[in-house]
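What Swiss-Prot lists as S-adenosyl-L-methionine binding site is Gln185, Tyr213, Asn218, Glu234, Asp294. If you look up Swiss-Prot, you'll see Cys319 marked as active site, nucleophile, on the strength of sequence analysis. Per Swiss-Prot, active site, proton acceptor is recorded for Glu353, and the stated evidence type is sequence analysis.
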Amino acid sequence: MECKYFGKCGSCSLYEGGYEEQLQKKVHEFEKLFGLEPEIFPSKQSRYRARAEFRYIDGEYAMHRLHEKGLVTIDACEMVLESIYELMSKLRLLINKHEILSNRLYRVDFLSGLSGESLVTMVYHRPIDEAWEKAANEIAKALHIDIVGRSRGKKIVIGKEYITEKLPVFEKEFLFRHYEGSFTQPNPYVNIKMIEWAGRIAKDLQGDLLELYCGAGNFTLPLSRYFEKVLATEVNKSSIKAAKENVALNGIENVEFVRLSSQEVTQALRGVRDFRRLENIDLHSYNFQTVFVDPPRCGLDDDTRELVREFDNIVYISCNPQTLHRDLEELSKTHTVQKVAVFDQFPYTPHLESGVYLTR
């Protein structure tokens with residue numbers, strides 16, 4: 001990827017040596033830490049990111065500078081999906097034609113996907129009202145997008161507050177509602193590779209699946225075809241709401257989503273505590289043999305790590321090699337690593353996603 005803002009814009013913290021060399025160095029650091037040789041899944045080198053946030057300064061998009069305080073104004077971003085790339089300049093021109101839209105506009109967020117749908121969030125340091133809504137509605141129609149306006153204590157939605165993403169996984173298309181402000185995988189091309197890697201493992205497994213940290217069902221729905229039943233849990237209310245909508249959109253009937261933290265799942269499975277949220281679910285009816293976890297950067301807490309060790313098969317997706325290494329030191333006391341992979345979700349940064357499959 002060639003970008004005139006390399007070395008200035010802080011969104012890409014690695015910019016020397018080219019993409020292949022950067023990825024090679026990240027993989028080498030992973031291999032040194034784990035002593036394992038992973039399967040490598042690279043990213044597209046440009047136009048790969050499905051969400052982006054930009055400050056808005058004097059009618060221009062801006063990002064934080066790389067090695068110093070302050071902002072650098074930009075007219076384009078090579079990282080973002082083609083749909084966002086094409087939208088950025090058109091949106092800026094229309095915003096700047098309407099003072100009511102540009103006045104004290106603090107930030108502009110973009111959310112898009114392989115489906116081509118786009119949602120823009122405009123965040124203000126002033127109240128927004130009906131006059132703002134009228135102007136925003138005009139540009140939403142002109143650009144065929146949805147818009148969410150936000151100011152302190154107020155939200156105005158023009159159209160929908162989500163996009164419907166279409167992910168082709170093993171030649172089957174899955175639909176996902178990605179809501180404004182909620183977590184979604186940032187790189188859909190690498191996300192598909194992650195799901196398919198997990199799917200190649202799951203197709204040879206037996207029994208039922210327990211998934212912790214399921215989010216809006218990104219892995220749940222494609223993996224559900226390989227199991228008799230799936231119980232998927234997540235603590236975030238909006239993610240569970242989206243997950244239930246997504247399972248209905250796809251006509252999948254062997255998945256139950258429940259709002260529980262990983263600690264609460266541990267308590268429920270061990271009979272330590274009863275939960276009203278589980279009153280319509282018979283935990284004893286499940287034949288759990290596989291657990292799938294995709295925890296936050298902090299990794300697994302002690303109780304969840306002990307619970308995970310009780311399963312025959314563990315599929316672990318990690319966004320932090322350091323906490324994955326800590327967790328594997330414990331999991332490896334009862335399980336053996338069968339497969340390991342790295343996924344370059346975040347090109348031009350030090351970050352590296354990884355996946356590990358362990359069996360007892």
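Each residue's number is its place along the chain shown, starting with 1.
Backbone N, Cα and C atoms are what each Cβ position is placed from, and that goes for glycine too.
The model shown is predicted, which means the values in this text are computed figures rather than measured ones.
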Other residues near the S-adenosyl-L-methionine site, CB within 8 A of the CB centroid of Gln185, Tyr213, Asn218, Glu234, Asp294?
Phe183, Cys214, Gly215, Ala216, Gly217, Phe219, Ser239, Ile317
CB within-chain contacts under 8 A for Asn218 (S-adenosyl-L-methionine binding site), separation at least 6:
Phe176, Thr184, Gln185, Asn191, Ile195
Using the residues the record lists for S-adenosyl-L-methionine (Gln185, Tyr213, Asn218, Glu234, Asp294), what whole-number Å value is the largest Cα to Cα distance?
16
Checking the contact step here: among the recorded positions Tyr213, Glu234, Asp294, Glu353, which have a Cα within 10 Å of the Cα of Cys319 (active site, nucleophile)?
Asp294, Glu353
According to DSSP, does Glu353 (active site, proton acceptor) sit in a helix, a strand, or coil?
strand
Just to be sure I understand the packing, how many Cβ atoms besides its own are within 10 Å of the Cβ of Gln185 (S-adenosyl-L-methionine binding site)?
24
Within 10 Å of the Cβ of Glu353 (active site, proton acceptor), how many other Cβ atoms can be counted across all chains shown?
23
